[in-house]
Amino acid sequence: MGLWKNFLIRLGLAKKKRSILVVGLANGGKTTLVNRMKPTKDREEDVAPTVGFSVERFSLHKCKLTVIDMSGQERYLDLWECYYKECQAVVFVVDATGGDDVLRESEKMLRGMLRRDELARRPLLVFANKSDVPTALGASDIARAVDLMGAAGDGRAWHIGACSALTGVGIDEGFRWLI
């Protein structure tokens, strides 16, 4: 059945399905990023921080996505583990304007998460968000600051890109890589 499904997908007669986990520290722009990914008609005008988690379903680039947007607030971090097994990819959002404390905490969080067996070999997309702010660090600076090569380890496909969840710049490029 898998070969047949792949054949239909290549012909454009069926859509791929992906479950994506979106994580990162609080106030990094995860929910705004997820909102920007949705079709224009489905976007919300005002985005509030996520409490616990939210699940969004929509299509992007001929792929049916289930996007699980996890709160980055400390009291909800244990919830992330509940979704590790069912996700097929991870998007980690870093506030590129957050300063040294945010980068240190992001590195710690990323390393801890990627050590989990449930996430072994899952592709990782890292967004250096808020790139529209003049003081934002670039993607390569964020990659070094969070030791992305070390955290991702061997055998994991990963990509990092700068983006602005507010304007949408850089988001499409990242998701084209991921899906």
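Positions of Cβ are set from backbone N, Cα and C atoms, glycine also.
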Among G72, G174 - the residue TrEMBL places in the same GTP site as G24, L25, A26, N27, G28, G29, K30, T31, N129, K130, S131, D132: G72
Cβ neighbours of K30 (GTP binding site) where a neighbour is any other Cβ within 10 Å: 29
Reduced DSSP assignment, G24 (GTP binding site): strand
